[in-house]
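A.B. asks: According to Swiss-Prot:
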| type | residues | note |
| --- | --- | --- |
| MOD_RES | Ala2 | N-acetylalanine |
| MOD_RES | Lys5 | N6-acetyllysine |
| MOD_RES | Lys5 | N6-succinyllysine |
| MOD_RES | Lys14 | N6-acetyllysine |
| BINDING | 29-57, Arg99, Asn138 | NAD(+) binding site |
| MOD_RES | Lys57 | N6-acetyllysine |
| CROSSLNK | Lys57 | SUMO2 cross-link |
| MOD_RES | Lys81 | N6-acetyllysine |
| BINDING | Arg106, Asn138, Arg169, Thr248 | substrate binding site |
| MOD_RES | Lys118 | N6-acetyllysine |
| MOD_RES | Lys118 | N6-succinyllysine |
| ACT_SITE | His193 | active site, proton acceptor |
| MOD_RES | Lys232 | N6-acetyllysine |
| MOD_RES | Lys318 | N6-succinyllysine |
| MOD_RES | Lys318 | N6-acetyllysine |
| MOD_RES | Thr322 | phosphothreonine |
Amino acid sequence: MATLKDQLIHNLLKEEHVPHNKITVVGVGAVGMACAISILMKELADEIALVDVMEDKLKGEMMDLQHGSLFLRTPKIVSGKDYNVTANSRLVVITAGARQQEGESRLNLVQRNVNIFKFIIPNIVKYSPNCKLLVVSNPVDILTYVAWKISGFPKNRVIGSGCNLDSARFRYLMGERLGVHPLSCHGWILGEHGDSSVPVWSGVNVAGVSLKNLHPELGTDADKEHWKAVHKQVVDSAYEVIKLKGYTSWAIGLSVADLAESIMKNLRRVHPISTMIKGLYGIKEDVFLSVPCILGQNGISDVVKVTLTPEEEAHLKKSADTLWGIQKELQF
């Protein structure tokens with residue numbers, strides 16, 4: 001007896017489903033799901049896989065997204081506790097880990113999250129040996145180093161979301177002051193994602209007009225307009241949002257989808273993201289910090305050599321020393 005489906009549809013070939021643009025998100029907390037929905041809305045994947053240890057929450061989030069399939073263009077949304085659901089991913093976004101508590105520094109989280117990564121990373125490598133790893137969990141620079149060490153991947157394929165969001169916050173706040181859309185406000189925050197990030201005031205511009213040339217005190221203590229406060233707001237913003245709503249999610253989700261787009265579409269856009277910077281700016285250790293990187297289908301293919309003031313370079317070196325001080329104590 002022919003089924004309804006048989007009566008309706010005449011099959012022409014037996015297809016093997018192998019995804020070509022699969023993205024996995026590890027961790028279905030607020031950040032993971034914000035990344036997932038942002039990636040879905042940008043139509044970057046032909047399959048999205050979600051992984052977590054909390055099975056009920058995981059299944060619920062998957063179903064909730066599947067029920068929106070009519071409004072999306074990603075034909076397959078899957079999930080599982082077992083990493084076999086992640087097989088053949090081109091990009092794996094890692095958001096899993098202990099969440100930063102109110103008032104807790106990102107660095108304080110570190111050993112808790114290293115232990116989680118010791119389980120996650122080998123499983124990802126097993127099922128998607130050719131993927132790019134995009135680390136979002138905090139402290140992101142150290143955990144990107146941890147992911148690189150555990151995975152054995154070449155450094156171009158291990159990327160930290162880094163200062164992509166810090167720079168976006170900076171450009172938003174700058175735009176608010178000037179009455180200009182953030183896309184037209186150019187400025188870079190480099191170094192550590194977090195408390196010791198470095199604003200590159202010399203490069204801040206609108207339409208190629210250097211703000212530092214117009215206003216030489218820009219970013220200094222002598223500045224009567226207190227532009228330095230903009231960077232302080234960037235540093236404080238995550239803490240403020242956590243204090244108000246308990247966590248951050250939307251902006252980091254959008255930031256991650258922005259990076260995913262550059263990778264999946266091989267855009268070769270320049271982003272301030274965390275990469276291994278040994279050999280740059282006099283840094284001699286295996287540390288990951290944000291510098292402007294060209295991002296495409298192979299991950300980070302090139303780094304843009306930014307001219308920093310001696311003060312900015314010293315700041316970056318200090319960040320590197322702080323991170324290395326923590327990294328060398330880590331138990332793998």
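Just so it is clear, glycine is given a Cβ too, placed from its N, Cα and C backbone atoms.
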A.B. asks: Tell me which of the binding-site residues Asn138, Thr248 sits in the most Cβ-dense spot, judged by other Cβ atoms within 10 Å.
C.D. replies: Asn138
A.B. asks: Starting from His193 (active site, proton acceptor), work out which of the recorded positions listed here (Ala2, Lys14, Lys57, Lys81, Asn138, Thr248) have their Cα within 10 Å, and give them in sequence order.
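C.D. replies: Hits: Asn138.
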A.B. asks: For Lys232 (N6-acetyllysine), what is the tally of other C-beta atoms lying within 10 angstroms of its C-beta?
C.D. replies: 11
A.B. asks: Can you check which residue among the recorded positions His193, Lys318 has the largest number of Cβ atoms within 10 Å of its own?
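C.D. replies: The largest 10 Å Cβ neighbour count belongs to His193.
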A.B. asks: By a 10 A CB contact count over all chains shown, which of the binding-site residues listed here is most packed: Met41, Ala45?
C.D. replies: Ala45
A.B. asks: Name the residue among the binding-site residues Ile37, Val53 whose Cβ has the smallest number of other Cβ atoms within 10 Å.
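C.D. replies: Result for the binding-site residues Ile37, Val53: minimum number of other Cβ atoms within 10 Å at Val53.
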A.B. asks: How big is the gap, in Å, between the Cα of Thr322 (phosphothreonine) and that of Asn138 (substrate binding site), rounded to a whole number?
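C.D. replies: It is 15 Å, counting Cα to Cα.
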A.B. asks: Taking the recorded positions one at a time (Lys14, Arg169), which has its Cβ surrounded by the most other Cβ atoms within 10 Å?
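C.D. replies: Per the Cβ count within 10 Å, the most buried is Arg169.
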A.B. asks: Cα-Cα separation of Gly29 (NAD(+) binding site) and Lys14 (N6-acetyllysine), in Å?
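C.D. replies: Rounded to a whole number, the Cα-Cα distance is 37 Å.
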A.B. asks: Can you tell me how far the Cα of Met41 (NAD(+) binding site) sits from the Cα of Asn138 (substrate binding site), in Å?
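C.D. replies: So the alpha carbons of Met41 (NAD(+) binding site) and Asn138 (substrate binding site) sit roughly 25 Å from each other.
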A.B. asks: Here's one to test understanding: among the binding-site residues Met33, Ile37, Ala45, Val53, whose C-alpha is closest in space to the C-alpha of Lys318 (N6-succinyllysine)?
C.D. replies: Met33
